[in-house]
Structures are given as C-alpha cells and as structure tokens.
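Below is one structure; the comments refer to it alone.
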Amino acid sequence: MGYRVVVAGATGNVGREMLNILAEREFPVDEIVALASRKSLGSECSFGDRTLKTKDLDTFDFTGWDIALFAVGSEATAIYAPRAAKAGCVVIDNSSLYRYDPDVPLVVPEVNPEAVLGYSKKNIIANPNCSTAQMVVALKPLHDRATIKRVVVSTYQSVSGAGKEGMDELWDQTKGMYVPGQERAPKKFTKQIAFNVIPHIDKFLDSGETKEEWKMVAETKKILDTRIKVTATCVRVPVFVGHSEAINIEFENFLDEDEARDILREAPGVMVIDKREDGGYVTPVECVGDYATFISRIRQDSTIDNGINLWCVSDNLRKGAALNAVQIAETLGNRVLKKG
Ligand code: 2RA
C-alpha cells in the first residue's frame, strides 16, 4: 500500500525533478497528480514510464491526499499550502515562505531527520534553500566531531536556481554574443550573465547582505546549530546546473585534514573526490543528475588554529530542491505516515 501524492508546480524545473526522483527512487505511490497554474494547464509531465496531464492547482481538492510536494513559489504557496494542510495533506514546501516559522520544521534528512516530527503543528514541512542544503550536508559530520564555530562561504550558483527564465537568459545571451541581431539585454538577472559573474542573488537587505546570503545564515542555524556563525557571499555564475561553494570552517577543536576526509567519506549523502592532481576534484558539470553532495579540495587552513577549507558541489535542482523534498517525504513515511 502506498501514498496518494500531489506535485504542485509540476511543469517547473523543480517540479519536473520531483516527479523524476519520486519515480527513480520508487517512492510508494498509489496515485499521483501533477498540478500547475492555469497558464500551464493541460501540459504533460513524465512520471517514470507514464505521462501525466496537469490539473488546475486553483480548483484542486486536497482531501484524501497524503503528501503534497510544492514547488510553486512563495506567493502561490501562501494561498494553496494552507488549503492543502487544512484538508489533512502534509505539505513539503520548496519556497522560502515557511522556512523561518518556528512552527514549521526545516529539514535536511542527513542532518536533522528527527525534526520531521514537528510537522503536525501546521501540517507543513519546509525544504531549505539550495545553497544551504548542500552546505549543511557537508558541515554536519564535521560539526559532530570538532564543533564548528564559524563558517565563511562563497557560492558559485548556477542559473537554474533562478528557474527556466534564468536558463533561457544564459542560453540566449550566449548565442547573442556571436549572432548579430540576436543580442539579449539582461532581464531576469541584473547584469549580463553570459561570460560574467554577478555578486547578487535575491534582494538587498538593509545590512548590505542579500537575502540569499541571509538565508544561508538563518537556515544553517535552524537546521544544524544556532551557535554556528556564518558569513556568506552569494554569486551567480554562467553555469546551467550545479551550485559550487568554497567553504572555510573554523572549529573549536583541532581537526586534521586527513581525518576530515575520512569523516566525510563515511557521511550520508556525501561523495569525496579529492586527489591532489589535475582534475582530482569535482566541477558542476559532473554533479548534474546525481544525488550526492560532492566534496573536494579538503585542506588545512594554516592561518587559524583549527581551520579546514573545502570545495562543495551539488545539483541544485536535486539535493538543493527536489531530492531533499522527496527524502523528507521518505522520512515522513518511515517515521510517521506509515503505510502497509
Ligand atoms: C537560487 N537559491 O539559486 C536560489 C534558488 N532557490 O537563485
């Protein structure tokens, strides 16, 4: 016996990956429905060998459905997630709307799986931001061993994090550099993204940091440990899929680089590729379609007493969004909503 599962936002980058991953991981589904906004109605989505025709999110009745994976953005989430939750369907939401709500757990199953038990206050579980998800997977096993005091992270985030429009802009702008008459001005991004990098993701806050940078701070504290200090610089780069992060970690206790590598090799969700030779590290193109958070370039930071540097790469549409949401559904199924 399986679950009755809803995927809302099924035609977007993340919604499509949610359907792919549910099928790939053989999530026990009795019935599945793909929902979309009215403008995408009738379009088709793949679910394993099957083709699903999308139904209207606006008129959908969530009564009798067990789990809804939402990838519709904060505005639509604000309307439809409470509707689903009230009908008794547990919402796993990829938007940022509920992430900082104390009555909504924010979960990365490799890090704080027990937090799913808090779902029942609102019948909603939040999925973290992509850049946080991969980072906390890497930090957790090191924190357990040597207690992290402070993290300094710089991100190199792919355009798929900004949705299909972001991917189209990189593609069109790149082509437009070579084809006269097809030049494309920035629209989705604030500056040219082709052959450029942009140190600006999400809106600016009064503090001078961006909301994306603030999210990495607030979410790491909520998921992993409120005592960890995080400072981030988030940068958009002309890569289609796969976010990369250069992470500097300061610990309370000494941690040798070889021990850090051994710990990470054993850690759930982590794949270490770390040879000190040409190509002995992972880049975003190699992580696409994979489940793992890849760690490379593990080395001592000799400028502080207890420091480690590392390079962390993951598929932002998978571990950073759809995979993590499906893993939350699996955790919920194993611990709470047992069937069969
Ligand atoms: C981005 N973090 O990469 C966002 C997506 N959730 O823009």
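The chain as shown is numbered from 1 upward.
Cβ atoms here come from the backbone N, Cα and C positions, even for glycine.
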Requested in this report: From the candidates Asn316, Asn324, Asn334, give the one listed by TrEMBL for the same NADP(+) site as Thr11, Gly12, Asn13, Val14, Lys39, Ser40, Ser160, Gly161.
Outcome: Asn316
Query raised in the report: Of the recorded positions Asn13, Lys39, Cys130, His243, Asn316, which one sits closest to Gln157 (substrate binding site) when you measure Cα to Cα?
Result: His243
Requested in this report: Output: those recorded positions from Thr11, Lys39, Arg99, Cys130, Ser160, Arg236 whose CB lies less than 6 Å from an atom of ligand 1, in sequence order; none if no residue fits.
Outcome: Cys130
**Report entry** Residue pair Asn316 (NADP(+) binding site), His243 (active site, proton acceptor) - Cα distance, angstrom, rounded
**Finding:** 6
Query - His243 (active site, proton acceptor): secondary structure state under DSSP, collapsed to three categories - result: strand
